[in-house]
Amino acid sequence: MAANHCSNICFLLLLLLSHFNLGKSQLQLNYYSQSCPKAEEIIKQQVIKLYNEHGNTAVSWVRNLFHDCIVKSCDASLLLTTVRGVVSEQTSGRSFGMRNFKFVNTIKAAVEEECPLTVSCADIVALSARDGIVMLGGPSIEMKTGRRDSKESYATVVEDFIPNHNDSISLVLSRFQSIGIDVEATVALLGAHSVGRVHCTNMVQRLYPDVDKTMDLAQAEYLKRRCPTPNPDPKVVQYSRNDQITPMIIDNNYYKNILQHKGLLTVDEELATDPITSPYVIKMAADNEYFHQQFSRAIILLSENNPITGDQGEIRKDCRYVNAN
Ligand code: HEM
Ligand SMILES: *[C@@H]1O[C@H](CO)[C@@H](O)[C@H](O)[C@H]1NC(C)=O
């Protein structure tokens, strides 16, 4: 009777403990050390190889982390392609300009060859971003693994999570705050706009019919040459690089540029002038080391947003499709 009583309590305690352990705390360093010891090395080698062939793949891995993780969870839902019964998150207007998805399959195939059905696509999203950041001259970040893959796409709610290029800073901050990312970390994450490009569609409303009064005049003249018409043909690839000086380096040039009102997006400009964010922008512009520290901290927060772990979700065989069962 007494033993029975205890076992009930023990069971309840265990249940409680495992409940508190769900999510974040179940990610761990070197999660694949037993099941696939070479996983992280294989992913890194693939990221390096792809970077050497197509440098902008590394840029894509950074943007993928944002677009996957902020929408509910870092669960590779972003990678699901449109097939019968599934609408891809990639079809959202917020995903405009995203590229290189096909090379995720290259990474996944290399990992599958070593350890079939063991390493999640979600961890590939996270680790490829981590390794891509190093290729782009950013900090080395220690990252936990053990994320599992979603069985569904969240295409219908993407816009509830990912802000638009012209949203207010208060909206941007509240979106990040709602997944546990503070103001300083949010400012640091926007530093990813130190690499890559912006298509004219996302800038023309700042150029036509009148130039946005907040924009630096020389920059406006330059951007009007890059984007000569107010209605860019979506089929013609017209864009500007984010950072004209070091376009492939994650450095604090972004903050220097936005303080000079050379930001490309409305959110970039507003980040520099909003009284809540501008003190951090000024500090990051002055100190690349500090920017990298905050960027590392913020990337970890983003990459650990609400992971699905344990026996939730699945390990996809092909990152584009939910497993057939
Ligand atoms: C308020 C938040 C954000 C907004 C509104 C935003 C919006 C955008 C837009 C409109 C583009 C240009 C797409 C195009 O025209 O091709 C872009 C590019 C990019 N964004 Fe963001 N972004 C935000 C935050 C972030 C964060 C947090 C990261 C990563 C940590 C990120 C990484 C990137 C990268 C790497 C690119 C360049 C992509 C490429 O060249 O292929 N962004 N973003
Ligand atoms: C933001 O830009 C989109 C086009 O990308 C436009 O439809 C929308 O009206 C703009 N919103 C604001 C608040 O200016």
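Here the Cβ of each residue, glycine as well, is placed from N, Cα and C on the backbone.
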Taking TrEMBL as the reference, CYS227 is linked by a disulphide to which residue in CYS200, CYS319?
CYS200
Among CYS36, CYS69, CYS74, cysteine joined to CYS115 by disulfide in TrEMBL:
CYS36
Per DSSP, CYS227 (disulfide bond) is which: helix, strand or coil?
coil
With CYS36 (disulfide bond) as the reference Cα, tell me which of the binding-site residues VAL71, ASP75, SER77, GLU89 is the closest one.
ASP75
Taking all residues of the domain 'Plant heme peroxidase family profile' (26-323) together, what is their mean pLDDT?
97
Apart from ASP68, VAL71, ASP75, SER77, GLU89, which residues in this chain have a Cβ no more than 8 Å from the mean position of the Cβ atoms of those residues at the Ca(2+) 1 site?
HIS67, CYS69, LYS72, SER73, CYS74, ALA76, LEU78, LEU79, LEU80, SER150, SER153, TYR154
Recorded positions close to ligand 1 - of ARG63, SER77, CYS115, CYS227, CYS319, only those whose C-beta is under 6 Å away:
ARG63
Checking the contact step here: among the disulfide-bonded residues CYS69, CYS115, CYS121, CYS200, which have a Cα within 10 Å of the Cα of ASP75 (Ca(2+) 1 binding site)?
CYS69, CYS121
Please state whether DSSP places ASP68 (Ca(2+) 1 binding site) in a helix, a strand or coil.
helix
